[in-house]
Amino acid sequence: MSDSLNRPPRLILASSSPYRRELLQRLRVPFDVAVPAIDETPLAGETPEVTALRLAQAKARAVAGGLGAGVAALVIGSDQVATYDGLQIGKPGTHANALAQLQAMRGREVQFHSALCLFDSRSGTVQAVDVVTRVQFRDLPDAALEAYLLAETPYDVAGSAKSEGLGIALLEAIHSDDPTALVGLPLIALSRMLLAVGYPLLGAQ
């Protein structure tokens, strides 16, 4: 049997996020990164869960669609939507928007929907899950919020706080089944999906 038949499918992360890339490196598997070109605008009437799942699948399918015919690949798509009081919270983009987000969330519980999709190009099958993390924010004064934003500039993350960095100081508690979900890529769920399709994550199974 040839090496090509024994070789596992390519693993591709469909994301431009350096945080997701760093998380995937923890699994110690070779992977490529491809940036999906999709419209990430939420649709009218969508729940946060539906938005996150739709975008995670769209990212994976967009990258898979650009692969050559016959390429065996497992494409990982992920998306995160934060919400409180029924309002969706996106990436702030600017300092002013980030400050407004943190002011609105202080003293509140915020839910982060971290959706994950694994698209198998060999069969066209999709595994998808939404991992919910409940985060209680501390009730901090504006001066503390400003100091945090100037220190970490978290303008590219939903909710304006990097829990893997200084942003942890803004939080009172985190409740989740997957400690990596809040950063943006639920590794417990991803490991389960990879093992389910026979990927040799822990060696030959």
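Including glycine, each Cβ sits where the backbone N, Cα and C put it.
Here Swiss-Prot flags ASP79 as active site, proton acceptor, drawing on sequence analysis. Positions annotated as site 'Important for substrate specificity' by Swiss-Prot: TYR19, GLN80, GLU164.
Cα separation, the residue listed as 'active site, proton acceptor' to GLU164 (site 'Important for substrate specificity'), rounded: 17 Å. Here the C-alpha separation of TYR19 (site 'Important for substrate specificity') and GLN80 (site 'Important for substrate specificity') works out to 12 Å. DSSP assigns GLU164 (site 'Important for substrate specificity') to coil in the three-state reduction, outside any helix or strand. For GLN80 (site 'Important for substrate specificity'), the same-chain residues that are 6 or more apart in sequence and have a Cβ closer than 8 Å to its Cβ are ALA52, PHE112, HIS113, SER114, ALA115, ALA158, GLY184. Listed recorded positions: ASP79, GLU164. The one with the lowest count of other Cβ atoms within 10 Å of its Cβ is GLU164.
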